[in-house]
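As annotated by TrEMBL, [4Fe-4S] cluster binding site applies to B:292, B:372, B:389, B:429. Among the features that TrEMBL reports, compositional bias 'Basic and acidic residues' is placed at B:464-477. Residues or ranges marked as compositional bias 'Polar residues' by TrEMBL: B:478-497. TrEMBL lists B:283-453 with the feature domain 'DNA primase large subunit C-terminal'. Per TrEMBL, the feature region 'Disordered' maps to B:463-514.
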């Protein structure tokens, strides 16, 4: 495979690759289709803030574009190292200096969540800071499962776009209309409802459960239980070494002594001991003895950056932006394949650019013909771009975004139908 | 003449209607003429009440027995309506219930005028009024509650018996006050989750598909939400009509004075800028910093880095004790470059936010150091953070160890921990102050980290600082005059600008309105 070599990304090559990426690979049409939201509100795309990070960390805020075409041209001109998406404002963001101060206001934005592996440093033993590996990645899987369920079942949101950030975390974009319109207070209430792990470096016990245990916590525990043995006991080996055992036992009540702990060699059995002690304690005490659950949650429950979710005008890295350090593309994730998602298999910009230079296979030629027939109303350049990304490993991620957008389109079509029905009646 | 008397009669009718119920939504402004003296007394007394509410909210759990008792006695002392069952037919001393209700009504509207001017003031006012309303609504008789709902045409959808059966377990597990036996007999209301954010935030309600299922005894939450929304809208409207009020030269100074009363000393203006050298900070941090700042200083020295929340809390404190912008820049840079951040990255990523703190960037607000209440209530620390209040945000066990390291006596430690247990964080800090400064009674009421510093310096300099104390009143006068012009200016320049800078400020959206 020629691609294995090409995937070795060198940050120094980024300035050379970005023009190619924005000219031939970036999925502008899907991107526009997403942020235009069916054109229901006509200024929605125009008043959206984009912010670019250019070479040498030069930061340009308040970019905005009238059309898809203008956006393409601008991105191809600036070749941003990183793209952030901000709020939909009351006016075009690139004219924010021309309107009377104070009238320029952030009105709407997707409800977003940012989960970052650095926030788990006290409970993972394999890596720290910006590093991740296959041993700690399940934390993200668990986080997505828990939050996805809660946002859908509890809050009734339907259009959740999960995106790998390109390095050490995941983002969630809740795109439902109701979510986009939420106030700052509502966003912070949602984020706090979903936050269980509380306290900084000065707090040892970060999860404290009280009776009754809320359905959210029960549902979340079910998810954690599913992964806990493999992730925490096996991979992270939290009951393997003295140091990490002490950390776990510091979370149990003082009056419980684990005398037989050292004689038990297998970590799995040690966890059974903890659970046994917990159920014994629960049988005798009246209330509030859930330390085994608290341990599981402290080690696995998603840790949100609440400030990102709260602010309507907070910027968040855009899907399909490149991560300048790793070169990986920030790609939408398909939850049907979540358990097998491998962040290291996400294509880098050097890989997909190299794939473009690969000679075409016969099969691909055929597909190309087909798509040409179907979409002959589009102009040639557009067609070529579609062809281009389809020949790279980016294809499946763009396809996933397409499916996501189809789902959203169905819902707003339904809305429109309902509206017109109502009109007919009267 | 006749017209006048008819109008008067009309007013009385409206008032009887308004004051017929112990509680109101303040939908109708008062229309009668009142004397300036009464205007001032009413306003000052309501302000006293709201300040008490703020203080109680920090020292006690809201709605706890003690909270209610203290609040009740304050309401009673200030002659506001406090007994829902009060009846004017009984002979009583002091003002009648009717007079109290009238005072409640009028004073509320006066403070609206004073507190509509900036986002900050509005937020404070709404929060205290909401707390007051909650207390009063909760102490209504059940029939009065229904009457109130009916009077203000508040209607909410109830959950059907069948649905209750299906959701029984979930409903029981979502609220402290619901048990398997009571579910059936109790009304549950189903409203969009946006209307009961307080219950959502604290996970005290069952949530399904965007709706919350609120047991009847929690209905106060929805009513409060309604109250909050109405008040917020009303304040925005009031702000627009303010110029007319300000043209009245009798009222303007009074209103300005009232609106400044809530913050107290904000430690933003310091005469001693530049009087502290960077070399002194290490020793000062041991001698005169409150625990929160000592903790931040220590972790900054250890990690050569602080995250945003820590930089804000500590940076503004340092500014408050007299560091100049240049000193601050040097202080942060020299520490950060010892860690992972090189000088170039510091200039790009951090220098801006330090200049911002000093009002040199962005919307150029000269930010004030955080008060204890702000540190305790807003932006709780998470993984990797060292900010917050150590008495509030540390495990008691860790706090104990830390105090031992700082050589606090065992009996002192147990006194402090007792206060922490009772959630008296500021008192705990004050106790720490007394213990570390070897004094019996500190003679001040601690509400600000910078106040801690000033008081500590005063004691350590052995009262040599009396001169400074002498001119404090003068300074605070200047202070409030300067601020007066500031706030009006800000209001004119449009308060909604705050929104755009929200992320910079990390404003806590706790009190933020929908």
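Note: Cβ is positioned from N, Cα and C throughout, glycine not excepted.
Within 8 Å of the centroid of the Cβ atoms of B:292, B:372, B:389, B:429, where the record puts [4Fe-4S] cluster, the same chain has further Cβ atoms from B:290, B:291, B:375, B:376, B:390, B:391, B:392, B:425, B:426, B:449. Counting every protein chain shown, the Cβ of residue B:389 ([4Fe-4S] cluster binding site) has 27 other Cβ atoms within 10 Å. Its own atom aside, the Cβ of residue B:429 ([4Fe-4S] cluster binding site) has 26 Cβ atoms within 10 angstroms in the protein chains shown. According to DSSP, residue B:389 ([4Fe-4S] cluster binding site) is assigned to coil rather than to any helix or strand.
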